[in-house]
Amino acid sequence: MPDLSITIAGIEMKNPLTVGSGTYGHHGRFSQFFPVETMGALVPKTIRPHQWPGNPPQRVLEVPAGLHSSVGIPSIPWDQFETEDAPRLKALNLPVIQSVIGRTEDEYAEVVRRCTDLDAFAGLELNLSCPNLKQGGLDFGYDPDAAYRLVSRAREQTDLPLIAKLAPDYSSLVPVAQAIEAAGADAVALVNAPRAMCIDADTLKPMIGNGVGALSGPAIKPMAVYMVWTLYRAISLPIFGMGGVATYRDVIEFMAAGASAVAFGTVSYVDPMALPRALRELEAWMAQNGIDDVEQLVGAAHDADFERPQSRRVA
Amino acid sequence: MEQTDAPVVSNTHLTGEYWLLEVEAPSVAAALEPGQFVNIRIRDSLAPFLRRPFSVYRVNPEKTRLQVAYKILGNGTRLMKETLQPGALCDLIGPLGKGFELPEDAKTIALVGRGIGIAALPMLADLAAARGVTSHAFLSARSRDNLVGAEIFASHGGQVFTHADDTPDDVALVTDHLLRMAESTAFDAMYVCGSNRLIRQVDKLARAHGIPAQSAMEQHMACGFGDCHGCIIEVNLDRDGESRGYREVCHHGPVFNTWEVANA
Ligand SMILES: Cc1cc2nc3c(=O)[nH]c(=O)nc-3n(C[C@H](O)[C@H](O)[C@H](O)COP(=O)(O)OP(=O)(O)OC[C@H]3O[C@@H](n4cnc5c(N)ncnc54)[C@H](O)[C@@H]3O)c2cc1C
Ligand SMILES: Cc1cc2nc3c(=O)[nH]c(=O)nc-3n(C[C@H](O)[C@H](O)[C@H](O)COP(=O)(O)O)c2cc1C
Ligand code: FES
């Protein structure tokens with residue numbers, strides 16, 4: 001039996017498969033199709049410290065091989081998260097990495113501290129890259145100084161592994177990632193869905209309620225793989241890779257580019273069984289190809305003589 | 001809710017712009033309630049990418065098969081007509097959403113539909129008939145051959161009023177018939193699907209008579225089962241419309257009380 005387990009940012013996962021925050025929803029109804037414990041770790045939807053209804057309709061639209069969306073991170077009241085969601089998540093038999101967002105540095109620090117106090121999570125993901133929020137999110141991930149300050153503040157609030165989630169929109173991806181590493185993050189997650197827009201040729205108006213939205217699904221996969229590949233060479237932190245993953249071959253591709261764990265997102269809306277099927281097929285593929293440890297795949301696409309920057313922090 | 005590969009029984013022209021797909025899906029059919037929907041993956045490829053939601057039109061008496069009446073609108077429905085032929089498997093998730101509520105003591109109900117919206121109502125008419133409830137149907141469409149399912153409503157013995165926009169002898173709107181009939185008939189509930197104007201009219205009447213009224217709604221969907229938060233509509237949170245909020249059509253609906261959606 002091949003060994004599928006990995007350790008990333010100090011979090012032990014029995015296999016490298018997880019879900020992109022937000023695509024599993026607040027409730028994870030798609031796990032009615034298979035046990036949630038099948039995956040190596042669960043990343044629930046981003047939570048913010050204050051209730052928020054999210055963006056106006058229309059929120060989703062099909063585009064070629066993908067989804068154009070602008071949901072805007074609707075959030076339940078914190079009390080409800082604390083009394084209902086957190087205990088339910090804590091009771092699951094797998095590591096839960098809670099994604100968090102704020103509008104200001106203070107709000108990020110606040111939500112990190114509150115989540116740490118809940119004693120329910122194996123790690124925290126800082127969403128630095130939501131394309132659908134007017135305030136917060138994206139701007140922090142765009143500017144290396146702001147990202148450094150924000151991650152440093154969050155670092156002071158928690159001993160939990162901190163994962164910074166980035167979008168591919170930036171020309172400054174590498175400097176931002178380096179700043180995040182210097183500020184003490186334990187891993188990066190990428191890509192968040194890049195900003196996108198669709199305009200109706202009849203009305204000449206944007207087709208979704210918020211105007212600007214995001215693009216996800218297989219349409220973005222080659223770009224996402226490139227971003228993972230780029231950061232693998234630029235920083236030493238382990239990477240959660242995602243963006244258009246649909247099959248076990250996509251998992252291999254992301255791992256070869258440098259991801260240690262791989263998240264399924266939009267595909268689960270279309271095919272809720274995509275993740276468990278990919279897991280089975282990955283295992284069979286490894287057995288067939290004589291690969292006994294999944295960690296051997298990480299970074300395999302880089303030149304044999306390429307040396308990754310030495311890891312500063314845990315695994 | 002389950003995902004199943006349902007063998008296609010038939011996929012044929014129904015009437016006007018509509019087609020009728022019938023699939024063998026015993027466990028879904030047995031669990032379905034009127035007003036619920038299924039989400040169909042038209043083929044295992046990236047185009048079309050998302051599933052497509054459809055109301056369930058009817059379930060056979062043995063509850064082993066379900067039917068979807070659909071209008072060819074874009075790429076997905078065009079491929080649905082071409083590829084989902086007998087012998088093929090139809091990947092569907094269902095039953096989804098919250099269906100219509102038929103009050104236990106109801107004796108007479110009104111079904112009001114326009115265009116493809118009518119497709120959400122025959123299963124409710126079937127259930128009503130099985131419970132001994134009389135349903136009167138008020139159907140409208142752009143043209144006469146787009147009045148889907150009129151014969152189903154008629155077969156249950158209630159009255160059927162129709163209106164086609166392009167038919168010169170159809171002078172009276174179905175809402176005129178509804179208003180007139182409501183003066184002499186005590187409807188115990190009303191159901192509407194198809195246009196905002198109709199929903200508003202039905203809601204007004206329901207409020208005046210103090211009876212429940214429900215409407216089946218549509219919104220673009222990504223998942224169809226409540227995880228993506230994509231399919232929201234704005235609703236009234238109270239009957240006076242003083243506070244508003246968002247609700248997911250796939251999960252909280254697609255059936256809502258008309259007071260929730262009438263002014264949204
Ligand atoms: C709960 C529900 C029940 C429905 N029941 C029926 C029915 O019984 N019969 C029927 O003909 N149609 C029904 N529809 C509408 C049907 O889903 C769309 O007509 C269909 O998705 C169009 O797909 P297309 O690829 O042909 O069109 P395209 O225009 O190419 O569709 C592109 C995208 O928009 C989405 N979309 C387009 N129109 C709608 C719409 N009105 N509602 C939701 N998503 C839409 C599609 O799912 C797809 O993601 C229902 C919709 C909902 C939400
Ligand atoms: C509907 C939707 C909601 C999302 N919500 C969040 C979110 O709350 N937090 C977050 O970090 N990413 C969110 N994402 C981004 C995904 O986690 C993922 O990074 C992105 O969609 C790329 O992966 P994919 O192409 O496989 O979906 C969301 C994506 C979608 C489609
Ligand atoms: S379609 Fe995903 S929540 Fe309704």
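Positions of Cβ are set from backbone N, Cα and C atoms, glycine also.
Unlike curated records, TrEMBL annotations are generated automatically.
For the recorded site, B:P53 (FAD binding site), the DSSP three-state label reads strand. As annotated by TrEMBL, FAD binding site applies to B:R52, B:P53, B:F54, B:S55, B:G76, B:T77.
The [2Fe-2S] cluster binding site annotation in TrEMBL covers B:C223, B:C228, B:C231, B:C250. Within its own chain, B:C223 ([2Fe-2S] cluster binding site) has B:N39, B:G230, B:C250 as residues 6 or more apart in sequence whose C-beta sits under 8 angstroms from its own.
The domain 'FAD-binding FR-type' annotation in TrEMBL covers B:1-102. Mean pLDDT of the predicted structure over the domain 'FAD-binding FR-type' (B:1-102): 97.
In this structure, B:T77 (FAD binding site) is part of a helix by DSSP. In this structure the C-alpha atoms belonging to B:S55 (FAD binding site) and B:C231 ([2Fe-2S] cluster binding site) are separated by 15 Å. Using a 10 Å radius centred on the Cβ of B:C231 ([2Fe-2S] cluster binding site) and all shown protein chains, the other Cβ atoms total 29. Summarising the FAD site geometry, the residues cited as binding it (B:R52, B:P53, B:F54, B:S55, B:G76, B:T77) extend over a maximum Cα to Cα distance of 16 Å. Of all Cβ atoms in the shown protein chains, 23 besides its own fall within 10 Å of the Cβ of B:P53 (FAD binding site). In this structure, the CA atom of B:G76 (FAD binding site) is 20 Å away from the CA atom of B:C228 ([2Fe-2S] cluster binding site).
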